[in-house]
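A short worksheet on the structure shown next.
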Amino acid sequence: TQKMAELLGLGDKCREGASGASALAGSCLADNRLNLDVYPDGCCRFLQLFKGRRGEVVQVEFLRLSSNDHLLGTTLGILPHLKHLKSLVLKGGHARDEFGSCQHGSLTKLPPNIGNLRCLTHLDLSFNNLSTLPSCILHLPSLRVLLVSHNSLVALPEDFGSLSKLTFFSAMKNQLKDLPQSIGELAVLQDLYLSENALEFLPEEVGNLHNCTELDLSGNCLSSIPDSLNLKSLRRLHLHSNLLVTVPASLASLPNLSRLDLQNNCLRAVPPEIQTLPFVHLRGNPLGETEPSQQADESSARRLRRLFLTSGEDSFSVTSEGCKVVLACGIHFYFPPGAASHPLRIYFRTLAPDPQWVKLRHHDVLLSGVLELQPHGVKFQQEVQIRMPYASPQTLHQREVVVRTFSGQSWSDLRTRVEQKRKSKKHVAHCSVLHFSWFLVVSRLVQNECKVPTEGTLLFSSVDPNIKVTFPPGVTEETRSVKLQVLPVSAEEMEEITADAGCRASPLLCLSQDSLMDFLRPVRIQLPLPPGVTGLNLDRSRLHLLHGDLEGQTWDDITSQVVLEFTHLYAVFEVTHFSWYWLWYTTKTYIGGIAKKVYERLRMYQVNFIALQRKKDPEQVLLQCVPKHKVDPVLKKLQDRYRGPEPSDMVEMFEGEQFFAAFERGISIDMDRPDCVDGRLSFIFYSHLKNMKEIYVTSPVDRKGQAVKGQVSFYRGAIPESIPEDASRRRKGPDSLWLATLPIKLPRLKPRWGENPGPLNGFSFPPLNLGNAETGYLTQANLLSIARRVGADWQTIGLNLGLTYHQIERIGYNNREDLDKQILDMLFSWAQQNSEDPDCVSKLITAMKVSGRQDIADEVETIIDLGRQKYRESIRRVGLEQESSTEDSAIAMM
């Protein structure tokens with residue numbers, strides 16, 4: 001885009017920000033420019049202007065419109081009247097879909113008489129739905145710059161070479177399969193961008209583009225390059241991510257070539273004169289490898305194993321033949337043939353995210369649990385593909401989803417592709433790795449990054465293209481990596497937080513780099529003025545440029561330390577080091593403290609707590625922390641099975657903040673629970689995960705038979721240092737971390753089994769050990785504990801366990817008027833029938849989940865995990881683990 005501006009002599013021009021047709025005409029038409037793509041109703045404004053001030057509109061030379069506009073069709077019919085038009089931009093991509101991807105515009109064709117615009121030198125039709133290039137384009141005699149990237153073009157016209165004045169052509173990200181021979185007639189073409197198409201070969205006539213300085217053919221299906229590609233003016237040639245098996249040695253003799261990218265091809269040999277070039281990039285090629293037989297490849301693909309693992313399994317084996325693996329939780333793996341050089345046992349587990357080591361960055365949103373894959377550190381010979389399902393984010397506008405991995409020292413983001421399954425509507429994140437460690441899925445602010453070379457460069461924000469950072473030549477001695485993120489702040493949010501209708505702020509700009517050194521020359525930053533503020537009505541005494549540290553803890557007013565330049569819509573300043581920058585417009589004096597408060601409030605979520613009791617078994621209590629906008633749907637979903645008080649008052653919490661639930665006034669819980677800390681249940685709030693637990697509560701024995709009116713209170717784990725004072729609701733006294741309290745009423749608490757053996761006289765419990773030593777046992781005591789929680793759901797659970805309806809009826813009749821005996825009879829009858837089944841524990845867990853008793857399923861899984869851990873520790877203590885591993889390896893090698 002910077003090159004476009006240079007070619008056309010456009011420079012940095014302001015965009016119109018006033019509202020109304022007359023204001024637009026007064027400020028824009030005077031410069032013969034109309035930049036209406038920044039408005040959602042830009043075409044409507046254009047039509048109003050054309051109707052009211054036609055004489056001025058037809059003199060316009062530069063016009064920008066969004067092709068996402070529903071009035072685009074009507075507007076196109078007027079464009080041929082603009083005889084003086086030099087630059088026309090009809091781009092899509094100004095709107096985003098629910099997954100955060102740019103929505104292509106509605107443009108599929110152009111009116112034939114567009115070809116009458118004899119002055120038109122620049123035409124941008126990117127991000128549209130063109131399947132063929134409109135024929136009228138070939139009749140534009142002055143056209144020098146043509147952009148049709150991100151469309152659906154399958155071919156270019158045979159007479160495409162008639163655009164004799166074309167110097168710049170971009171058709172990347174289309175579906176082009178070949179190029180017309182006439183492309184060689186573009187004698188003055190300097191820049192040709194055809195990346196990410198489906199080109200299988202190039203015509204020999206490409207060698208006639210003698211003025212071409214940059215040629216991008218990356219991401220195609222090219223297997224060879226014609227020898228005629230001997231372009232003396234060529235400086236940069238991009239051929240990465242193709243299917244090249246050979247390249248002509250003549251490329252090494254191009255006098256001006258300074259970059260040759262051949263990465264990720266199928267090159268097994270490269271001419272020595274090319275291989276020794278200092279600017280050639282060859283990574284990702286099988287250099288030196290022998291050609292495998294096609295028959296062997298096809299046979300290997302047919303034999304690829306598919307493994308479907310159940311909830312009770314925690315490992316699988318991978319051989320050099322590769323395999324596909326599907327875990328019970330929906331995670332998929334693809335191990336290509338040759339990924340593992342020898343047989344390898346892979347262990348996996350899913351973990352609840354612990355904020356002690358799952359360190360989210362500011363404004364990150366966690367979308368999945370943590371997946372751990374072992375052994376750590378083993379390097380695969382080929383990348384292993386991982387597909388992780390994740391919670392559907394409420395919005396991905398201005399955000400992106402990435403898989404994040406933990407090396408044991410720090411977290412880093414992987415290159416990620418996301419999709420939504422058509423049938424299940426589930427969201428899945430795809431990544432590829434060479435090492436196994438810990439993985440999770442997060443939503444982060446959109447991150448734009450680039451490499452800054454010695455000659456400088458330009459970095460735009462894809463969230464707000466009005467934000468740009470210009471690196472001048474000589475800004476650095478060594479190439480460094482720079483990242484840019486933008487957090488938009490609406491006027492409504494500012495007014496709600498500051499209670500000041502006149503307070504406005506620009507988007508928050510976050511800049512970072514991989515070097516600790518300051519830049520050698522000032523870097524130029526352009527920010528849009530706050531909403532409602534323009535260069536026409538700007539009161540400079542109210543404008544403040546704030547500089548924030550990397551944690552957003554302090555915000556300093558640096559307005560007097562930099563030189564601020566203003567255009568009609570932008571503020572421009574220069575810096576030599578990177579941090580966070582925020583432009584404020586307000587009458588307030590102490591801006592730093594207010595900015596810190598606003599920043600922290602933007603990171604917080606408004607939530608409510610709910611405490612519901614199961615209708616059939618009031619001793620089972622469901623606790624959940626729910627974001628404010630989800631409360632009504634959650635309650636509606638639970639109302640058939642649960643009852644309880646209204647949700648708590650609204651409180652505010654950070655993503656990843658710890659809180660506790662404490663049962664009080666005569667109600668208690670099992671203190672041996674692993675999530676119980678000092679008698680209180682521990683929770684971690686994640687806005688897109690279920691912050692929910694189901695607990696079986698009890699009361700003191702001396703109050704059995706009486707109604708119990710207790711309560712559950714919620715407390716912060718610790719008040720975060722950065723939380724605004726008015727966001728923390730506090731009690732006076734010792735309970736300063738209190739958040740909310742909800743009532744719990746139990747009509748009558750039953751005594752524990754074993755405390756009063758009267759009702760169970762005549763009922764015997766046979767000794768049982770379900771499962772096995774390696775996976776963990778369920779004992780008689782465990783079954784008794786589980787039976788206490790079943791309640792009136794025993795019939796549903798029994799049927800899901802495989803008992804017949806006749807058996808359920810008989811159990812109910814034999815133990816009529818005694819619910820306790822009905823539950824025990826059902827559970828132990830099933831246990832005796834299945835005691836020899838090695839999968840009986842996983843069947844029990846599945847039956848509980850299908851019956852809607854996730855709480856019992858979680859308890860069983862906790863017992864099994866504990867048993868498995870104890871078994872492994874005992875094996876390790878007696879020194880059998882290494883011996884067993886050695887024996888397994890010996891068997892694998894036989």
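Backbone N, Cα and C atoms are what each Cβ position is placed from, and that goes for glycine too.
Here's what TrEMBL has on this protein:
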type	residues	note
DOMAIN	312-445	domain 'ZU5'
ACT_SITE	His435	active site
ACT_SITE	Ser437	active site
DOMAIN	446-587	domain 'ZU5'
ACT_SITE	His577	active site
ACT_SITE	Ser579	active site
DOMAIN	779-864	domain 'Death'
Measure the Cβ-based neighbour count of His435 (active site), defined as the other Cβ atoms within 10 Å of its Cβ.
14
Reduced to three DSSP states, the domain 'ZU5' (446-587) has 14 helix, 59 strand, 69 coil
Give the residue counts of the domain 'Death' (779-864) per reduced DSSP state, in the order helix, strand, coil.
68 helix, 1 strand, 17 coil
Using DSSP, what's the helix, strand and coil tally for the domain 'ZU5' (312-445)?
0 helix, 64 strand, 70 coil
Fill in the CA-CA distance, His435 (active site) to Ser579 (active site), as an integer in Å.
32
Determine, to the nearest whole angstrom, how far the Cα atom of Ser579 (active site) is from the Cα atom of Ser437 (active site).
31
Near the Cβ of Ser579 (active site), how many other Cβ atoms are there if near means within 10 Å?
15
Return the residue, from the listed active-site residues Ser437, His577, with the maximum count of other C-beta atoms within 10 angstroms of its C-beta.
Ser437
How far is it from His577 (active site) to Ser437 (active site), counting Cα to Cα, in Å?
34
